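Please read the structure below before turning to the comments.
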């Protein structure tokens, strides 16, 4: 009797690495997680030790096997999903990184991004990459490493150094240096990849003086890239056959295969991605254009809006204000509120994300009265998450010309029923919460499994991640629009407040 076969997903995140084993029904049968240290050399800088990331991945692979008694020989394929944009540069011969990995959040390369803007490259880079010029993306991080590590530029020009985002680094390590590849979704976040022509862009590479030889080969999101070296996978030589950046993996895990389908992951922040089909659509309203996924020679583009503060607003209520003891408690407090929703919290603690991109804005509260209670404040904070999502969804509809009918949701805060119902009400559309909230890892597993025939085709996947719960809009139109207009006024007032503060400083 043959042994049952499984797919392993490696989910390499910003603070921890996970390995999850799925069966053919898309069910999680085993998982292991390990955190690794964050490095903060200066204010605003965030780095990781790339070898500590690799060690954490080896540890969780072993942990997933131990927990389940599944053997490496039972793994049909491996899928990888990862924190996007984070940049590693390493020695091609020794495999040793020449500097720490510079993390997506890090602002140490902001002066390079600012110089590119001042030199007038914004339009060219946006049209080619779909991105805004920002330190967020990999391009400025590579330039910074080549500038700050002695001899790095010369070594890169000699072909002695390799660059990769975390997906590339992990495949290179798992295959013992045999394979240097990335996928469409990760390449699209480097600010070096022409997402229309599907090539590394020579003009941008020349502008930043980044040697092309450093860059990995770009592959589709679902194909066999190589096999694990046996001594790096506990004796197993297993195909690595699926890769996608974390948010694109979640889009795929949510089965958002058709144009107009949208997913939102309610994590620390909120990441909303819309499948726009095979036509690249540049945003006129500060959304990012990116690649959702590419399979079998066909690329699906996407629009993305990032909200900085979502679940972390609930953490603020718990840890900062001590209004609640646990995050789930926020739902009970909000349901106990008897207010007419006249209180607005604008959680711009680190500025406002899409579609405003106002880094100077700071948090504010409007509409307080003597009768405002703790319950009202908690409810207003939860509602702020839903209002921000509407800001992005409305913008997506304008940019794409597509009428969005449903929002597919996952992530920790998606478990809050009150928030999900209010989200449905304020958008006026259905909210479909996934039955399996492991959508990021599941997306990577689906991509890997398709490449090796573990699942026959994308239609076969549609049975595997059914809707867990559907929230239908029940608020009348006039009330919905009145509440949302109040939110827009609150955001405008928040922005004006910081603008006037800046003007006062300039006048001194």
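Just so it is clear, glycine is given a Cβ too, placed from its N, Cα and C backbone atoms.
As annotated by Swiss-Prot, sn-glycerol 3-phosphate binding site applies to 14, 84, 85, 136, 246, with the evidence given as sequence analysis. Annotation for residue 136 (sn-glycerol 3-phosphate binding site): spatial neighbours 85, 104, criterion Cβ-Cβ under 8 Å with sequence separation of six or more.
Taking a C-beta cut-off of under 8 angstroms and a sequence separation of 6 or more, residue 416 (ADP binding site) has the following same-chain neighbours: 328, 330, 331, 382. Residue 416 (ADP binding site) carries neither a helix nor a strand DSSP state and counts as coil. According to Swiss-Prot, the ADP binding site annotation covers 14, 18, 268, 311, 412, 416, on the basis of sequence analysis.
Around residue 16 (ATP binding site), a 10 Å sphere centred on its CB holds 14 further CB atoms from the protein chains shown. As annotated by Swiss-Prot, ATP binding site applies to 14, 15, 16, 268, 311, 315, 412.
Residue 247 (glycerol binding site) falls within a helix when secondary structure is assigned with DSSP. Packing around residue 247 (glycerol binding site) is summarised by its Cβ count: 25 other Cβ atoms lie within 10 angstroms of its Cβ, all protein chains included. Taken from Swiss-Prot, the feature glycerol binding site covers 84, 85, 136, 246, 247, and the record attributes it to sequence analysis.
For 232, the entry in Swiss-Prot reads phosphohistidine, with the evidence type sequence analysis. A C-beta separation below 8 Å, combined with a sequence spacing of at least six in one chain, links residue 232 (phosphohistidine) to 58, 173, 174, 175, 176.
In space, 268 is the closest of the binding-site residues 18, 247, 268 to residue 315 (ATP binding site), judged by Cα positions. Of all Cβ atoms in the protein chains displayed, 26 besides its own lie within 10 Å of the Cβ of residue 84 (sn-glycerol 3-phosphate binding site). Residue 246 (sn-glycerol 3-phosphate binding site): 27 other CB atoms within 10 A of its CB, across all protein chains. The binding-site residues near residue 311 (ADP binding site), taking a 10 angstroms Cα-Cα threshold over the set 14, 15, 16, 247, amount to none.
Residues 14, 18, 268, 311, 412, 416 are recorded as binding ADP; their most distant pair of Cα atoms lies 24 Å apart. Within the same chain, residues at least 6 positions away in sequence whose Cβ sits under 8 Å from that of residue 412 (ADP binding site) are 266, 267, 311, 327. Around the Cβ of residue 14 (sn-glycerol 3-phosphate binding site), 19 further Cβ atoms fall within 10 Å across all displayed protein chains.
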